[in-house]
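S.K.: In case it helps, TrEMBL gives these features for our protein:
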- 4-83: domain 'GST N-terminal' (DOMAIN)
- 90-214: domain 'GST C-terminal' (DOMAIN)
Amino acid sequence: MANEEVILLDFWPSMFGMRLRIALAEKEIKYEHKEEDLRNKSPLLLQMNPIHKKIPVLIHKGKPICESIIAVEYIEEVWKDKAPNLLPSDPYDRAQARFWADYIDKKLYDFGRKLWTTKGEEQEAAKKDFIECLKVLEGSLGDKPYFGGESFGFVDIALIGYYSWFYAYETFGNFSTEAECPKFVAWAKRCMQRESVAKSLPDQPKVLEFVKVLRQKFGLE
């Protein structure tokens, strides 16, 4: 393994893997992308993430960095001399960025998952929670182009991967994000204009097909 070798263990529909694809693309870091089959995990994945056995895993100089948000911070710290800066320089602003990334991980994933894994009242409650969560995020965004201000950064990277799942969320939850949260959608479209994002996110219809297969497996279809 070459000294500077960077490997990403990933799975294409993972919004967590997308964070690392975007961060590495923003910093223009060359890396080897290894797609995992999560039903048949590779020995490398089990060796590099023995605790959670999950993707994504960033491997740098033979050492693993697990958990996507931690890995994005690692990329910023190791390659801080490479533009752009993914985290703000001010300690308070950094703390705020970490707060919102944490909020996204604690709230959005579960609410989004419930939109396609539940039915009836439970699904209606999930839809309400999901839209409420987006409105809270819109409040944090305010009138800024990006969450950190004028430039694309840490919170944008933490959040934008979810956007590839929105067609699936909307299809099964039966709602329109654009109607409910137009500011959020405008932000997402702005992010999608960045090459690092556009190349890192799968097409929304492809994710929808993936979710349909999962729903069949779970006996929901």
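Placement of Cβ uses the backbone N, Cα and C atoms for every residue, glycine included.
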S.K.: Tell me the residue counts in helix, strand and coil for the domain 'GST C-terminal' (90-214), as DSSP assigns them.
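M.R.: Within the domain 'GST C-terminal' (90-214) the tally stands at 99 helix, 2 strand, 24 coil.
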S.K.: Would you mind splitting the domain 'GST N-terminal' (4-83) into helix, strand and coil residue counts from DSSP?
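M.R.: Secondary-structure composition of the domain 'GST N-terminal' (4-83): 29 helix, 17 strand, 34 coil.
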